[in-house]
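In Swiss-Prot this protein carries:
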type: ACT_SITE; residues: S260; note: active site
type: BINDING; residues: R87, Y209, A210, G211, S258, N365, A366, R367; note: substrate binding site
type: BINDING; residues: K218, H237, D275; note: Mn(2+) binding site
type: BINDING; residues: G259, S260, G261, K262, T263, S264, R367, R398; note: GTP binding site
Amino acid sequence: MKVDLSPLNGIISDKAFQKLKSINNPSLVHFLSKTIELTTPDRVYVSFGEEKDREYVKKRALETKEEIKLKMEGHTIHFDHPLDQARAREDTFILTDEKIPFVNTKPRDEGLREMLSLLKGSMKGREMYVGFYSLGPRNSKFSILAVQITDSPYVIHSENILYRNAFEDFYGDKPFLKFIHSKGQLDIKKRRIMIDVKENTVYSVNTTYAGNSVGLKKLALRLTVTKAVNEGWLSEHMAIVGFEGNRGTHYFTASFPSGSGKTSTSMLGSLISDDLAFIKEIDGVCRAVNPEIGIFGIIQGINERDDPVIWDVLHKPGEVIFSNVLMTDDGGVYWEGSEVEKPEKGYNYEGAWTKESGKPASHPNARFTSPLTSFSNLDKDYDNPQGVVIDGIIFGVRDYSTLVPVTEAFSWEHGVITIGASMESSRTSAVIGKADVLEFNPMAILDFMPLSLGKYLNNYLTFGRNLKYVPKIFSFNYFLKDENNKFLNSKEDKRVWVKWAVKRVESETDAIYTPVGFIPYYEDLSKLFNSTLGKQYTKEAYELQFTLKLSKYLEKTERIMKIYSEIADTPIEVINELKAQKDRLLDYINRYGDKVSPFQLVKS
């Protein structure tokens, strides 16, 4: 079937016209022409990912003042609206006529009417930008094609950093995900993000914050989760990182809610992904790739001592977009928690700023955007079309009172259900609302869940049953506090928990059986603290960190059981696994009381 490009004649450049003609993709042309007709831009720039396209987009970002050039070569800064600083949960909808627990839905016809009304003529007086990308390594079993349309050069610049340009891969009538964004008038009351799963299309308007506007980031995750569940693989909010053991590199995926340790964990080994993972069973083995080739990371708290790899990226020439940090008068940047001297004045997302105002210089959800190739710890297989074999899965939370620093699950089912599906974590600044409220957030993906948790978990359990080699599952918690509200661990201690997990993967160390999983022996951690961090690890510290608060674990298990018992399609395995854990906890409470020291468990 020959593609009809007549609707685009005279609207796009001759070069773009000929290139689109060459790939013969009617669905793509239809999508472009309909979006142009809806949004009525003055001009359309079709970016094919060539160097001159990338340079043009960067130039336009500066000309439109969506970005400002900084003194370091390649560095720019972007400011979002003061009320558009994080993912907008309340303005984000899955378009479906179903009512889905924990999912913000809107009837599809109603949502489309509202969205198309907001987008109508939204690009008048502006230039439209079109980009073509692949989520995952190009021409691989993992690759998913996507098209972004936007009137924001900052958005398309971000996507050129974060994703693989892949125009040539659209040859023929290949399916692709569709993303339409307009900054509109930045009327926050009319900010809307709507995900039409049925048509694999996401609409976004009156916002520029990347989590709401960069389509291939978390907006695409809703579409790829749906695709994964329907096809029997996993699309996850997970880092992928390689950790060295005595038998070579072991790759782990790591799921943490935003701002809870995912990026810092991904910097402890060889980096493949800091945020997202496509995971498939290939010949009975669990393999994963990064859909992205860049990082959109939280910058608050990044300092030279704790985060040397990221610090280096942010202080050398190269492509970096800072967002919502402080810009100093000399074209430098400052962010809270950087542990450098705070400047006297500058400019941030609220306008002119002075130290004497007492206000924070940067937003707690301020970000940086950089290509993976800028990171010194980048793994050689970061773009391997075959992916990497996954030996372990980490589910981490920000839990101040209950979970011990590290636990290993008894099995795939036990780990998926009592660790991953039971995650509760304190809310962070990455979402709009009150911080430090404990939230149910299974697999750290609830914000991006487009379907029933029951269906999602059933796919997880089925996926595990199809594996011949099953990764071990671990619970991590870097944020446990004592009764005086002081953290029980330093930032660097996470290196030890990782080392212990690697030793468990290599079957090099035993562990203590508890009702909630396996925990480390003191002697093993003492050796690891010495060899990894060069510091002494006391029995007192170990006991404080690994004493199991049985009553609190029981309360948590009962909370989670209640949640899943009220979801109609929850697999029976979920309830049975949680009930078995509850029974074990009741048995231990009967034997030991509300708490039990790990030393008591060793003696028993």
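Any Cβ shown, glycine's included, is placed from N, Cα and C.
Features recorded in Swiss-Prot, as mapped to the structure shown.
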residue	record	DSSP class
A210	substrate binding site	helix
H237	Mn(2+) binding site	coil
S258	substrate binding site	coil
T263	GTP binding site	helix
D275	Mn(2+) binding site	coil
N365	substrate binding site	coil
List nothing but the largest Cα to Cα distance in Å, as a whole number, among the residues G259, S260, G261, K262, T263, S264, R367, R398 that the record says bind GTP.
20
Do you know offhand how many angstrom separate R367 (substrate binding site) and G259 (GTP binding site) by C-alpha?
11
Quick one: Cα separation, A366 (substrate binding site) versus G259 (GTP binding site), in Å?
11
To the nearest Å, how far is the Cα of Y209 (substrate binding site) from the Cα of T263 (GTP binding site)?
19
Measuring CA to CA, name the entry from the recorded positions K218, H237, S260, D275, R398 that ends up nearest N365 (substrate binding site).
S260
Looking only at C-alpha atoms, tell me how far S264 (GTP binding site) is from G211 (substrate binding site), rounded to the nearest Å.
20
Compare all C-alpha positions of R87, Y209, A210, G211, S258, N365, A366, R367, the record's substrate binders, and send over the largest distance in angstrom.
15
Please state whether DSSP places R87 (substrate binding site) in a helix, a strand or coil.
strand
Of R87, G211, H237, S260, the recorded positions lying within 10 angstroms (C-alpha) of R398 (GTP binding site) are S260
Argmin Cα dist to G261 (GTP binding site) over the binding-site residues R87, G211, K218, H237 returns H237
Hey, how far is K262 (GTP binding site) from G211 (substrate binding site), Cα to Cα, in Å?
17
